[in-house]
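Asks: What follows is a single structure, and I will ask about it in a moment.
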Amino acid sequence: MEVEPTERRFKVLNAKRHHDGVLHVMLQPHGPSFTIGKAIWLLWGLVFNNSVPVQNPKGTTSKIMVSVWAFFAVIFLASYTANLAAFMIQEEYVDQVTGLSDNKFQSPNDFSPPFRFGTVPNGSTERNIRNNYPEMHGYMTKFHQRNVNEALQSLKAGGYIFATTGYGIAIQKESLWKRHVDLAILQLFGDGEARGVRRAACSVLALVERRAVPPPLGYSSA
């Protein structure tokens, strides 16, 4: 007897030959071999990129779905790995000056605020810069210092203008003064006291800078 192949698979339950010489075969439909457990195992192996033994589906629709899931797994792993690497590898940036040809010296106005530098006048350093970098020398002359001690004092006292950066008040944890300090700060900002102090500090600083600049040479100062 010839059995035509069909779309479903069968397994032999019992086969016996009768007295008439005909082989009677009892068939029962066989269940799918790609079970839900194997499907979950395959998806887990794809998303975590593990080299585990898996069984691939044989249906066209199942293969398409597995391909879509594999593409999602690649994007997911790439994004997760990149974010994890950026979080774990945090390089601390340290601003450095490499030499006289550094961009901070050659283009100081490109920075905000502009990069300020100077030296003690009438020395070998100024002479070298004047001969090799005339534009750089023309910019730095207004920041010259009379001596080394004055330069060190300018470095220590220089920086941001008063009240343009944040300030903190350290108190004990769960202290009773916390609410009083918060209310006092809010009152200063609400009444405009902080803004007035800032304007006063900026005006004093501008007055000091104007007095530090020598008057232009004319008939009255000759």
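Every residue gets a Cβ built from N, Cα and C, even glycine.
From TrEMBL, for reference:
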BINDING   Ser124, Thr125  L-glutamate binding site
DOMAIN    22-196  domain 'Ionotropic glutamate receptor C-terminal'
SITE      Val97  site 'Crucial to convey clamshell closure to channel opening'
SITE      Arg130  site 'Interaction with the cone snail toxin Con-ikot-ikot'
TRANSMEM  21-44  transmembrane segment
TRANSMEM  64-86  transmembrane segment
Asks: Measuring CB to CB from Val97 (site 'Crucial to convey clamshell closure to channel opening'), give everything in the same chain under 8 Å that is also at least six residues away in sequence.
Replies: Lys104, Phe105
Asks: Tell me the Cβ neighbour count for Thr125 (L-glutamate binding site), meaning other Cβ atoms within 10 Å of its Cβ, over all protein chains shown.
Replies: 11
Asks: Including all protein chains displayed, how many Cβ atoms other than that of Ser124 (L-glutamate binding site) lie within 10 Å of its Cβ?
Replies: 9
Asks: Rounded to the nearest angstrom, how far is the Cα of Ser124 (L-glutamate binding site) from the Cα of Arg130 (site 'Interaction with the cone snail toxin Con-ikot-ikot')?
Replies: 10
Asks: Could you give the mean pLDDT over the domain 'Ionotropic glutamate receptor C-terminal' (22-196), rounded to a whole number?
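Replies: When the pLDDT values over the domain 'Ionotropic glutamate receptor C-terminal' (22-196) are averaged, the result is 76.
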